Amino acid sequence: MERLLVKGGNKLFGSVEITGAKNAAVAILPAAILASEGVCVIDNIPDIEDVQCMEKIMRSLGCEIQRNKNEFVIDSKSISSTDAMIEEVKNMRASYYLIGALLGRFKKARVALPGGCHIGVRPIDQHIKGFEALGATVEINHGSVSIQAEKLVGTNIFFDVVSVGATINVMIAAAVAEGTTILENVAREPHVVDVANFLNTMGANIKGAGTDVIIIKGVPTLKGCNYSVIPDQIEAATFMIASAACGGEVTIKNVIPKHLESITAKLVEMGVEVEEGDDSVTVKREGNLRGTNVKTSPYPGFPTDVQQPMTVLMCLAEGRSLVNESIWESRFKHVDELKKLGANIKVDGRSAIIEGVKEFTGTVVKATDLRAGAAMVIAGLVAKGETEIYSIEHIDRGYPHIEDKFRSLGGDVTRIYK
Ligand code: EPZ
């Protein structure tokens, strides 16, 4: 069975390039469905399973897609189906963006209910509330969402919770609604801004992305454009944490340091040196790590997607650390795996209390979800001896060529194919 074998103990040195952001790419690709003229040429798309899944789904609808390394050329003019019901739709979370994109372009869609990491209940009520406010009728039955509208009309929508997915999905549909839509209490994540910028490059009129109010003046149609996806904040944070955990000195290139501020601040608090460049951060750690407290929250707070890798670092820090996971109610499945390596962690509801340990010892663990998988790789890199990581399909959903990137820094990570 495919797995990663990690031999721990090496410090990390050198530089690593960060690729395009997964959570931006998986929204920008379906948003390209809105282009009824011209083609979208989108660069810096990461080579990950979730992107391959989205590509397959979009082809099944009739999109013509050409790939040249990280560049996708998407022609959506000849889409022949608004039914996204193939198996891949259920395997990934971001397939919910097909609802907003197909609704915007064709005023109807049938999309299988999305899957994704098992990190808690993942409702889509806020997406539906937004679509209904724009004038759509929504039915959920037999595992799919059926949606239609005679026309979409702009309105004011106040989201009950700050949701990345609902913000992006409703923004995609509202870009081509009649009149003005005002979205309030929206997510401010960098990928929300990236999708808004992409839609604007296609001809949309969206202002305010990155603040908590987004104003969208609907336009009748959108057309193809050239665009490049922003760097992946979470992949960058993962390498920052790995470098801090292993010790050594690593420059993480092709990043937007501003997007990493909450991570940089925590690392510095823990005794790690972080130097920001224009589009890079250098992480250096020589002394002992100090324990700290982390509470996850929407951007610009500490990202929930970095909580699991960060837990590894806290395990190796002196004293007690605390994690409060405020976004997902069961994003602690990595804890049992870390305990197998020697971690001392107690989970109480949405909190984890971590007592620092001197070292980890390698053993067999599994990636219970995407970021838990990244946490296992970091833990393996610092553990004494060998760590075997199973269920690595979760890691491949979001990290391109993780073993090659760590090997280039001196980390001993090998993919075993049988
Ligand atoms: C996105 O998920 C990301 N996924 C997640 O990344 C990330 O953890 C999450 O945002 C938070 O940053 C993608 O972008 C594909 P939300 P999303 O809607 O959009 C509640 C990773 O590791 N909620 O912002 O599904 C929800 O239960 C993944 O890359 C509602 O109540 O998350 C949660 O508590 C995992 N109703 C909170 O809002 C809704 O309709 C935030 O969820 C929608 C959400």
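Placed from the backbone N, Cα and C atoms, the Cβ positions cover glycine too.
Bear in mind that TrEMBL entries carry predicted annotations, made automatically and left uncurated.
The annotation in TrEMBL ties Arg93, Arg122, Pro123, Ile124, Asp125, Gln126, Asp305 to UDP-N-acetyl-alpha-D-glucosamine, and of the candidates under consideration, Ile74, Ile79, Ile327, the one tied to the same site is Ile327. Long-range Cβ neighbours of Asn23 (phosphoenolpyruvate binding site) (same chain, at least 6 residues apart, Cβ-Cβ under 8 Å): Ala94, Val164, Glu189, His191, Asp232, Ile234.
Taking CA atoms as the reference points, Asp305 (UDP-N-acetyl-alpha-D-glucosamine binding site) and Lys22 (phosphoenolpyruvate binding site) are 12 Å apart.
Other Cβ atoms within 10 Å of the Cβ of Pro123 (UDP-N-acetyl-alpha-D-glucosamine binding site) number 11 in total over all chains. Between the C-alpha atoms of Ile327 (UDP-N-acetyl-alpha-D-glucosamine binding site) and Lys22 (phosphoenolpyruvate binding site), the distance comes to 19 Å.
Each residue contributes its Cα atom, and for Asp125 (UDP-N-acetyl-alpha-D-glucosamine binding site) and Lys22 (phosphoenolpyruvate binding site) these two points are 23 Å apart.
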